[in-house]
Ligand SMILES: C[S@@+](CC[C@H](N)C(=O)[O-])C[C@H]1O[C@@H](n2cnc3c(N)ncnc32)[C@H](O)[C@@H]1O
């Protein structure tokens, strides 16, 4: 075969840093940040930091967390990553209630809208499903769970996994430009054979996907961000591309074009105000781009670039709840070896989104001052692991963020020499000769 | 990005090259690890390159006429050549991973077209990794036949996931095949034959053809005789194992 994802195994630990992640509870009861192996949660209702309880044999994560998310009902939370474990937490007790061992490192995860299944993707492009035995009540004891394989993207790393809003489809995006829409099986859940569509059109890796709700369409419309500097809108039933919004030009206007390559790759996106607005994080942009999504005309257009004055704040992850008008952002990385720091995370919030009048939003959005964000300084102290940071650290982090994003999303570029060597020494080639 | 994107890269309204295509091209290695062009989607497959006599212009071509047969891992192309005259109205394509072999098949088809004017216009070949890019070539339910003749066996258990027939890849083949479409497999390796049959038998979207149906299908007769690999096996009087299944619709 042309390639094997085994190449992922021999990554250089010194340069391999994981971008920080953020997730907000659907009704903003809590906020979670993952930096490296550390999972930090702040309870916004009780206004206090949360202590996680994990009584599994291998408690907490031992290596970089690559994916976190809340279930749409807000009862469950999932975290998973390089330590090949998937942990499912009750958001009531913040106890780990299911522990799942994966054969490979985990790159993405999603919780079904009915809260009955968890899906996760491994570094070989296989998607697994875990049956949660009818859901959770928050007080149940910890259980170890086995996953069964559901489908696979042949030899391609899956970057993002989402259920359609009605739970009928599972959508998976990969580094080979593909988005696959699979009918999620009802019973028995073991294999997902029916492919509804492929959404094809991106000309580089797909980094993130999200659903936008719509009254006329229960599964929702899909949006995707990519290394090709575009955000695209799709009809998942047919796989048709409805609109393409090129954000590369916007970024080029703002940033000096000092670098070639994936300069304006989309790294994260998040729907706001019922999906009328979409916030987009772009590699190397200190701020976000706001798009307006007009579903009656099937168009996506740039509303505004919200820049953040701190040049070092390039968001690595975005999240929002359905209930409030806040957009939560984090920037950070798992490790900054050269500065002797284990990790860095900085959280910021943007407010002023107007659900009923997305167009007026452009003038009203603003960055919330640190002491005015929900949870205030206590929250920042928990999620960031501190309140003050040395500017030098931020600069280093900003660089590391860029590297982390590139490593995560683009395939390793081997020199010709190294490629030849790898080819010659690969087991499968040896066998053939 | 595409070897055949002369048209889609030009904006219809302005006549100028469309930037987004050139943006992708600026990346040193658009498909990262692949060293061959891949169509972005089935609508970007340039039929005028593959079937120039039938589609003089890709832009103005009849979009309802599509490729219907795919020979996966076509090798030296013997099957396509036999099918070409058997189904002269059907468009077919071979998919082959090896560059030199693909070039050979291209030359072979060109030579046949010259030697037999008006014939062999309906077959072509492309270099690609069929395990990754089937959805880039074919829309849902576009194909009526898929052929897997003497695929590489990958004996070791841990290499089974490299096999071109596997439970997960069958999902993609079921996507590309229309209901009623047929998947043909044959091998001289008994273990692989068992494997392919088991995968197909266990898949809810495929059912075996009856012996009467096999008897009546002219394509079945070609399985063991039309390809270079098949002829080699026949010369050595080797046994072959075939599995021929029909794409059925999902149980409600
Ligand atoms: C043993 S040969 C059989 C060739 C031909 N079908 C025949 O019967 O003579 C298998 C062929 O499949 C090709 N092949 C293997 N993996 C492939 C892939 N992933 N995509 C396309 N072709 C592939 C190989 O290059 C080889 O030419």
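Every residue, even glycine, has its Cβ placed from backbone N, Cα and C.
As written in TrEMBL, here are the features:
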ACT_SITE  B:152  active site
BINDING   B:73, B:96, B:97, B:129, B:130, B:149, B:227, B:228, B:229  S-adenosyl-L-methionine binding site
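A map of TrEMBL features onto the structure.
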residue: B:73; record: S-adenosyl-L-methionine binding site; CB count, 10 Å: 21
residue: B:97; record: S-adenosyl-L-methionine binding site; CB count, 10 Å: 17
residue: B:130; record: S-adenosyl-L-methionine binding site; CB count, 10 Å: 25
residue: B:152; record: active site; CB count, 10 Å: 16
residue: B:227; record: S-adenosyl-L-methionine binding site; CB count, 10 Å: 26
residue: B:229; record: S-adenosyl-L-methionine binding site; CB count, 10 Å: 20
Inset, instruction - Compute the C-alpha separation of the residue listed as 'active site' from residue B:227 (S-adenosyl-L-methionine binding site), stating it in Å without decimals. - result: 14
Inset, instruction - Would you kindly determine which recorded positions in the set B:97, B:130, B:152 have their Cβ under 8 angstroms from any Cβ of chain A, listing them in sequence order or replying 'none'? - result: B:97
Inset, instruction - Mind computing the max CA-CA distance among B:73, B:96, B:97, B:129, B:130, B:149, B:227, B:228, B:229, which the record assigns to S-adenosyl-L-methionine binding, rounded to whole Å? - result: 20
Inset, instruction - Would you identify the secondary structure of the residue listed as 'active site' according to DSSP, in three states? - result: coil
Legend entry - Three-state secondary structure, residue B:227 (S-adenosyl-L-methionine binding site) (per DSSP): coil
